[in-house]
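The following features are taken from Swiss-Prot:
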TOPO_DOM  1-6  topological domain 'Intravirion'
TOPO_DOM  28-471  topological domain 'Virion surface'
CARBOHYD  32  N-linked glycosylation site
REGION    36-87  region 'Hypervariable stalk region'
CARBOHYD  47  N-linked glycosylation site
CARBOHYD  56  N-linked glycosylation site
CARBOHYD  57  N-linked glycosylation site
CARBOHYD  67  N-linked glycosylation site
CARBOHYD  68  N-linked glycosylation site
CARBOHYD  87  N-linked glycosylation site
BINDING   117, 151, 276, 277, 292, 371  substrate binding site
CARBOHYD  145  N-linked glycosylation site
CARBOHYD  200  N-linked glycosylation site
CARBOHYD  234  N-linked glycosylation site
CARBOHYD  401  N-linked glycosylation site
ACT_SITE  405  active site, nucleophile
């Protein structure tokens, strides 16, 4: 066979193989299409587990690639969402451990970190996030000048992964406003933001990110809400809102919502004289809120809400161990019904406590005059016994470092616990007014802690940024 004949013979064989592979490819495509149509036409059974079948056929024909892929995916078995029921009591706590620290100001020296204040933590069935009111700027941006002001048109609520400093890329915008609260009922999240003028603000209410209603002011003097998470039971969420003077008589309401709509509202009942910035937690089909009396009391007022009757009452934490800032010295005996006066300077700061009988813990700044340091005090029966005293103390932030607002939160969807493990956060404020020598801005980082059923060691967890680096 001469060379030309050999060439023709080899070419013929190659063409035959190519045609054969092409026919195989076409048959594979036809088979895959028929299987896919059969799959779509077959009624899916319930409670299917996630199954993925991947078939790859690759044929090489003289550097030509033909790929056939079949992917059959079945939906996972997802548990239907249900309303949260507050059927558990609080867990017993022997000490507190840090679960998150975002170091936002330290990162902000070189990264584009958003200026925030009034942060808090709130959880849902998928986990916990940090929420905070941003100032419409980053720390290194010139617009950060003047962010000491609480109420501007540039503020809004954002959420970020817990323990991660807020940046433009990782922050999820939620609503416009300068006061907020947010909570999940097990099915959806309700959020309230307050915006507008001091004398005519508007509360906007969202459920699953859709605007559901608005609320007008009733005293036309800085309508405001909790600055930490609200709490829900069986589809009803309770929120404490105040309108009126910060230094004299104000007008507080306990409002009840279902899917973002008001179903009931009550004017404040009980003996509390002034209510602001409540930190609330749920237990035993009830909600307990530990609040701020910005008018008279260095002892904290509390609101107790029965979520079965949607009724509430108010009074004061009974112990003489005072937990607002500023405050006079601790008293040998407290008062369950009346404010304890005598604060030496600024009238108050947002705070919290867990009133759990013998396992009651209260948080406060270490300094009685300024927002510096932070400590947790175990005071058995502080909520009911005027003569209760400190049994244990745990330092969270040493008194050489700034603190700020603090509040409670609970992961109600932690199914590994037969009780609700109490948690709290501390805002670590930096910048103005305390550090006006170095910077023009005011912002914060955050630490979050949860209870441990076992004894813990010691440690201080300050913000840690060297403020002079920002000069």
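Cβ coordinates come from backbone N, Cα and C, glycine included.
Overlay of Swiss-Prot annotations on the structure.
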residue : record                      : DSSP class
117     : substrate binding site      : strand
151     : substrate binding site      : coil
200     : N-linked glycosylation site : strand
234     : N-linked glycosylation site : coil
276     : substrate binding site      : strand
292     : substrate binding site      : strand
371     : substrate binding site      : coil
401     : N-linked glycosylation site : strand
Counting across all protein chains, other CB atoms within 10 angstroms of the CB of the residue listed as 'active site, nucleophile' number 25
Listed binding-site residues (151, 292, 371), ranked by Cβ neighbours within 10 Å, top entry: 292
Specify the count of other C-beta atoms within 10 Å of the C-beta of residue 200 (N-linked glycosylation site). 11
Max CA-CA distance, Å, over listed substrate-binding residues 117, 151, 276, 277, 292, 371: 20
Other CB atoms within 10 A, centred on residue 117 (substrate binding site): 22
Provide the three-state secondary structure of residue 87 (N-linked glycosylation site) computed with DSSP. coil
Within 10 Å of residue 117 (substrate binding site) by C-alpha distance: pick out those among the recorded positions 87, 145, 234, 401, 405, and say none if nothing qualifies. 405
So among 87, 200, 405, all listed as recorded positions, which is physically nearest to residue 276 (substrate binding site)? Use the C-alpha atoms. 405
Considering Cα atoms only, can you say which of 87, 145, 234, 401, 405 is the nearest neighbour of residue 277 (substrate binding site) among these recorded positions? 405
For the topological domain 'Intravirion' (1-6), the averaged pLDDT of the predicted model is 54
Glycosylation sites 145, 200, 234 vs residue 292 (substrate binding site), shortest C-alpha separation belongs to 200
I want to check the contact list for residue 145 (N-linked glycosylation site): same chain, sequence separation of six or more, C-beta distance under 8 angstroms. What comes out? 440, 441
Can you tell which of the recorded positions 151, 234, 371, 401, 405 lies nearest to residue 87 (N-linked glycosylation site) in space, using Cα positions? 234
Out of 151, 200, 234, 371, the recorded positions in the record, which is closest to residue 401 (N-linked glycosylation site) when you go by Cα distance? 371
Name the residue among the glycosylation sites 87, 234, 401 whose Cβ has the smallest number of other Cβ atoms within 10 Å. 87
